Amino acid sequence: MNLGTKPRQPKRSRAVYKYRGSEAYAIHNILIIRSEHSRFLYFRFYFHYLIFNTFCMAYEMVSRLSLPGVVFSMFLISSCFPCQAQLSSNFYDSTCPNALTTIRTAIRRAVSSERRMAASLIRLHFHDCFVQGCDASIMLDNSPSIDSEKFSFVNNNSIRGFEVIDGAKAQVESLCPGVVSCADIAAVAARDASVAVGGPSWTVRLGRRDSTKASRSLADSDIPRATNSFSELIDMFSRKGLSERDMVALSGSHSIGQARCVTFRARIYDNSSDIDAGFASTRRRNCPSTSGNGNNNLAPLDLVTPNSLDNNYFRNLIQRRGLLQSDQVLFSGQSTDSIVTEYSRNPSLFSSDFAAAMLRMGDIEPLTGSQGEIRRVCSVVN
């Protein structure tokens, strides 16, 4: 070593900034960077430069706009972030930390008492979300200002589970008055009901608020019916932002629950080629052909495993044993045949797709922020 000379210093990166108008320029003269620490400093510097440059360009663009242009730009930016971005799985962590546990206990108790209630709670959430979004409008009773959705064609004498939601709401209110919405309780209840009958779980996004209005007319037009054709179903789900795969996966909830004779009478008596003859004969035993006779007699949607949320529903469709016409059309030479076949062979795929579709459905047009209200009682506005 030559002690008479200075030790060689590591060569460093140099950057020269010039700010002209609203643009940032960086002239890099990158030499040999010999140490890990130097490389780290350089990349950190470069990252900060990129961020700084982005803000400069954004500022220049906005500075050239008129006030209306700025407002319009802000609108475009805000429209890029959907409503569900305001929902969060930990929404009640600080304001009502025991809410989810309380709801889960109430749902488990209800399903343990009546297994059919699991299907009813999932259906309640579904019918709520398809009308005005997931806002608990379906729970509002008739009043001078409310035309209740409970009495629409699809819901009347059919939709169930209100007392279970009311019970869970009362318990949550005793813990955290005016904090947890009925819409969120319905969403959580659907998830907990699925788990209670062997179905999948998912992390529910929370923060919905409750509507102060209802629409029976929208319930009549927007909720799918047992007699809908394939093209009608595709259109109805598409209008809610749901795909064909979402539609098929959500229909798998018909692996549990029961249907009234009036909803499947035409199917089991029309002698069509799309229904198994033995299956139709079995269903006719408790569903008379005469209209008005035995309308409310019940039959399980899935004859094999009526109390388990599984993929047997799709096997039924392949065997032409879908109880409702709107079920069987999913496997009738249409584009969804392949999805039905996939789910019939792969229960894990069905479970994961069902959970994902329930999440997407739960994100349909929620009221958030200052919209709507947090009802004290789910059946009436405050």
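Quick reminder: no glycine exception, Cβ is built from N, Cα and C everywhere.
A C-beta separation below 8 Å, combined with a sequence spacing of at least six in one chain, links G133 (Ca(2+) 1 binding site) to I364, E365, P366, L367. Marked as Ca(2+) 1 binding site by TrEMBL: D128, V131, G133, D135, S137, E149.
Taking all protein chains in view, 25 other C-beta atoms sit within 10 angstroms of the C-beta of H254 (heme b binding site). Summarising the annotation, TrEMBL assigns heme b binding site to H254.
Sequence annotations record features per position, and here TrEMBL assigns Ca(2+) 2 binding site to D302, T305, D310. Around the Cβ of T305 (Ca(2+) 2 binding site), the number of neighbouring Cβ atoms within 10 Å comes to 18.
Summarising the annotation, TrEMBL assigns disulfide bond to C96-C176 (among others). Within the same chain, residues at least 6 positions away in sequence whose Cβ sits under 8 Å from that of C176 (disulfide bond) are Y92, T95, C96, A99.
Annotation comment: TrEMBL describes C129-C134 (among others) as disulfide bond.
According to TrEMBL, the feature disulfide bond maps to C182-C378 (among others). Around the Cβ of C182 (disulfide bond), a 10 Å sphere holds 30 further Cβ atoms from the protein chains shown.
Per TrEMBL, the feature disulfide bond maps to C261-C287 (among others).
The domain 'Plant heme peroxidase family profile' annotation in TrEMBL covers 86-382.
R123 (site 'Transition state stabilizer') counts 22 other C-beta atoms within 10 Å of its own C-beta, drawing on all protein chains shown. Residues or ranges marked as site 'Transition state stabilizer' in TrEMBL: R123.
Listed in sequence order, the residues S255, I256, V304, P306, N307, S308, L309, N311, N312, Y313 complete the 8 Å Cβ shell around the Ca(2+) 2 site centroid, once D302, T305, D310 themselves are left out. Each residue contributes its Cα atom, and for C261 (disulfide bond) and V131 (Ca(2+) 1 binding site) these two points are 25 Å apart. For the binding-site residues listed here (D135, D310), the lowest count of other CB atoms within 10 A around the CB belongs to D310. Within 8 A of the CB centroid of the Ca(2+) 1 site residues D128, V131, G133, D135, S137, E149, the other residues of that chain are H127, C129, F130, Q132, C134, A136, I138, S211, A214, S215, A219.
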